[in-house]
C-alpha cells in the first residue's frame, strides 16, 4: 500500500494524485457589467490624447498642466522611496526579479472581493479560477496538471531530438517505444487485427466467434498471468505487512471496469453511465467481429456479472483497518477458501519459473470477497465467464489500437468525466504511455536535462526542519502517554527519505539491467504493450524470493507527486515536484514552506494517520500503541471525520471516513510546515516581504499553501472523485485544514462565528 499526495488520473497500481499555459495566465478577466476592463481604460485614454493634441482648449491645457504636475510629484515620491530603500539596511521589501514575478502571480490568483475569513479558498484562488477555464480534453485542471504538462513538453523535446544518441540501451528503448506510439499510420493500417489474433491465440471469444468451452483456467492464466489483467481479483508480490523484510504473494479484490462499485449499485443515479458503458462494450465487441444483436445481449450479461461483483466488493471506507483485512494463509488454505479454481496451478503459472507448493504463504485482503467470488464463478454460465475474461483483456489492450477504438472510448469518457479525450495531442498520450512502460529510463533523460542537484540538498534540509517541528509538537500532545510518545518519536526519527531520483538511473549499466529482457520495436506499438505485460509478470516473479529493496522507488522521477510507504517507513519526493510553485530557491521561504514544506509535512504525517499509525518504525504491522492513547487518537480522528463529512460538492456529501487518512495528513502537514517556518525565522530573522501583495510573510505562507490547490473540474469528474478518491476535493483541502489552524485564524484575525472559524477546532497532530 502506498499513500500519494494528490490523485492525478485513473488507473495504475499507485493511488495517483495524483496545470495552465502562459497564454491562459495572461488572458484578461472578463469585466463585470458596469466595470471597466484594462482595454476599455486604455482606449479611453487614447481618445482623450488625440483630442488634447488636436484642439488645445484652455481647460484641456489646464488639465494637462495639472497632470504633468501630478506626474512630477509622483516621480519625486518614487525617487524618495528609492533613496529610503537604499538607506534602509533591512531592505524590508524584496524587489528582485523573482520576487516581483511571484508577487504578480499571487496577485492575479487572488480574489480581493472576498474576505479571507469568509472563504479563504475563493480569496486565494478566485482570480486563478477566472483565468483558467478547463482546457479542451481535460476533466480537471490544477497546479499538478500544469506542472506535468511542462514536464511532458521537456520529455517530448528530448525524445524527438533527431540527434538522440545515448550510451544506454534502456534510453534507446524509451525513444523506440515513444516513436512506435506516434506511428499512427501504422496503427491505423493494422486496425483491430492484432487483438483479434491475440484472442484467437487464447482460444477465442464467444462474442465474436468460436471458442473453447472447456478452457476457463487456461484463459484465466493467459488474461491475468501473461497479460496482467485483473478479472475477479488481483495478484501481486510486495512486502509482507507483518514481516516487512520479506516479499510475499498477495491477493485482493478487483474486476470492475468503472471507477467505483457505486456506479453499478446506484443504478438510478448512474443510468447514463451504465448505458454509455454498455454501448461502449457493444461497440468494441462489434469492432472485433461481433454481430449487433448477439453482441449487445452477451455484453449485457457481462455487465450483469460486474454488477454482481460490485455487490460483493467491499467499499474502500470499510477497508481502512489493515489489521482486520490482513489474512495470511497457505495456498492449500486459499484453495479451501475459494475452490472454484486451481490456485496452485494459477499461481505457479503466474510466477513461473519459481516452484510453488501447497504450503507457500499468501496474504489475502478480504477473505469474504474471495469466498463469494468463488461461489459466483461456480454458478455463472461458462459462456459468460469466457466473455468476461476476454472483455478484461479487450479493455486493457484497445488503447493500443486504431482511432475507432479511441472514438468508442471517448463517448464513455465524456459521460463519465465530462471531457473528450480526442482533444489530447497524440504526443502527450505517448509520453504518458512511455512513462508507464519505461518510466525510470525516461526519468534518466529528464533528470539529466533539468534537475538541479542543489535542490536535493535543500530539500533534505527542509525535511529535517519539518521532522524536528513535528517531533516538538509531539512532545506537547496532552492525550498521548509517554510510552507511546517515545515510540512515535522513534518512528519519526526512523523515517527514511528519498529525494529527486534513485541513483541507478544515472548509471547506464544498472539502468539497462532494470529493463533487460523487455523487447521494444519501433514498428509495433501493440506488440510493445504485450511485451510490457509479459515483462512485468516476469519482474514480479523475480521479486518473490528476494527481500524488498530499501532504495526501490514506486514513482518515477518526473512524476508531480509524493508518497509515504508504510512497510518501508519512507517518504519519497520525485524531482518532478521539486519545482515552482512548490519550490523555488529564490522565492521567499514562506512560499517554499507553504508549498513543498506542506507536501513534506503531509507525507511525514501519513506515518501517523489512521492507517500509517498501525505500522511500527521498522515498517511492520503490529500493535504498538497503549490502549489509552489509541482511544484518545480515535476520539480526535472522529472529529476530523465528522467535520469533513459535512462538506458538499454539487449537493453531494464528502465521505469523511474514506478521506480520513489524507485529511489527517493535510492538517498535520500544514502544522508541521508552519512550525518549521517559525523555527527558520527564529534562526535567520524575518525575511523581506513581497511587493504590492499586502500580506505579511506569515499570511503569505497560508496563501502559498492554498494556491497550490487552485483547481477547476467538471461536475462529472467531481462526482467520480467523491466516490473514488481518498483525498478531499481541493476546495476542502484548503478550507478544512485552515479552519483547524489556530495560527491561520490568528494571522488573518478571523473571529469566532465567521465561516473560517466555527469555534470548534479538530486537531490530531
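In case you wondered, yes, glycine gets a Cβ from its N, Cα and C as well.
Per Swiss-Prot, Zn(2+) binding site is recorded for 602, 606, 662. Residue 602 (Zn(2+) binding site) falls within a helical segment according to DSSP. A 10 Å cutoff on Cβ-Cβ distances gives residue 602 (Zn(2+) binding site) a total of 29 other Cβ atoms nearby, all chains included.
A C-beta separation below 8 Å, combined with a sequence spacing of at least six in one chain, links residue 94 (disulfide bond) to 588, 687, 688, 689, 690, 691. When secondary structure is read from DSSP and collapsed to three states, residue 94 (disulfide bond) falls in the coil class. Residues or ranges marked as disulfide bond in Swiss-Prot: 94-99 (among others).
If you take the C-beta of residue 750 (disulfide bond) and look for same-chain residues 6 or more apart in sequence within under 8 angstroms, you find 116, 117, 744, 756, 757. Summarising the annotation, Swiss-Prot assigns disulfide bond to 117-750 (among others).
Neighbour count (other Cβ atoms within 10 Å of the Cβ, all protein chains): 25 for residue 710 (disulfide bond). For 125-710 (among others), the entry in Swiss-Prot reads disulfide bond.
Swiss-Prot lists 181-430 (among others) with the feature disulfide bond. DSSP assigns residue 181 (disulfide bond) to a helix in the three-state reduction. Annotation for residue 181 (disulfide bond): same-chain Cβ neighbours under 8 Å, separated by at least 6 residues, are 426, 429, 430, 433, 434, 525.
Residues annotated as disulfide bond in Swiss-Prot: 639-762 (among others). Secondary structure at residue 639 (disulfide bond), taken from DSSP and collapsed to helix, strand or coil, is helix. Neighbour list (residue 639 (disulfide bond), Cβ cut-off 8 Å, at least 6 residues apart, same chain): 760, 762, 763.
What Swiss-Prot records for 93-765 is domain 'Peptidase M13', and it gives sequence analysis as the kind of evidence. The average per-residue pLDDT of the prediction over the domain 'Peptidase M13' (93-765) is 95, rounded to a whole number.
Look at Swiss-Prot and you will find 161 (among others) tagged as N-linked glycosylation site, backed by sequence analysis. Look at residue 161 (N-linked glycosylation site): DSSP puts it in coil.
Taken from Swiss-Prot, the feature N-linked glycosylation site applies to 165 (among others), supported by sequence analysis. Around residue 165 (N-linked glycosylation site), no same-chain residue at least 6 positions away in sequence has a Cβ under 8 Å from its Cβ.
The feature N-linked glycosylation site is assigned by Swiss-Prot to 206 (among others). A C-beta separation below 8 Å, combined with a sequence spacing of at least six in one chain, links residue 206 (N-linked glycosylation site) to 298, 383, 386, 387, 390.
Using a 10 Å radius centred on the Cβ of residue 266 (N-linked glycosylation site) and all shown protein chains, the other Cβ atoms total 14. The annotation N-linked glycosylation site is assigned in Swiss-Prot to 266 (among others) on the grounds of sequence analysis.
Proximity of residue 311 (N-linked glycosylation site) to non-local residues of its own chain (separation of 6 or more, Cβ distance below 8 Å) is seen for 261, 264, 265, given in sequence order. According to Swiss-Prot, the feature N-linked glycosylation site maps to 311 (among others).
The N-linked glycosylation site annotation in Swiss-Prot covers 378 (among others), and the record cites sequence analysis as its basis. Under DSSP, residue 378 (N-linked glycosylation site) is assigned to a helix (H, G or I) in the three-state scheme. The Cβ neighbour count for residue 378 (N-linked glycosylation site), using a 10 Å radius and every protein chain shown, is 11.
If you draw a 10 Å sphere around the CB of residue 534 (N-linked glycosylation site), it holds 17 other CB atoms from the protein chains shown. The annotation N-linked glycosylation site is assigned in Swiss-Prot to 534 (among others) on the grounds of sequence analysis.
Among the features that Swiss-Prot reports, N-linked glycosylation site is placed at 627 (among others), with the record citing sequence analysis. Shown in sequence order, the list is empty: the chain has no residue 6+ apart in sequence with a C-beta less than 8 angstroms from the C-beta of residue 627 (N-linked glycosylation site). According to its DSSP assignment, residue 627 (N-linked glycosylation site) is helical.
Per Swiss-Prot, the feature N-linked glycosylation site maps to 635 (among others); the stated evidence is sequence analysis.
Among the binding-site residues 602, 606, 662, no residue is found with its Cα located within 10 Å of the Cα of residue 378 (N-linked glycosylation site). Distance between Cα atoms for residue 125 (disulfide bond) and residue 606 (Zn(2+) binding site): 26 Å, as a whole number. Rounded to a whole number, the C-alpha distance linking residue 99 (disulfide bond) with residue 635 (N-linked glycosylation site) is 44 angstrom. For residue 635 (N-linked glycosylation site), applying a Cβ distance below 8 Å and a minimum sequence separation of six or more within one chain yields 479. Cα-Cα distance from residue 606 (Zn(2+) binding site) to residue 710 (disulfide bond): 23 Å (rounded to the nearest whole number). Across the disulfide-bonded residues listed here (99, 430), the residue whose Cβ sits among the most other Cβ atoms within 10 Å is 430. In the set 266, 662, 710, none of the recorded positions has a C-alpha within 10 Å of the C-alpha of residue 534 (N-linked glycosylation site). Checked against residue 161 (N-linked glycosylation site) by C-alpha proximity, the recorded positions 266, 602, 662, 710 yield 710 as the nearest. In terms of Cα distance, none of the recorded positions chosen from 602, 662, 710 sits within 10 Å of residue 266 (N-linked glycosylation site). By neighbour count, meaning other C-beta atoms within 10 Å, the densest spot among the disulfide-bonded residues 117, 762 is 762.
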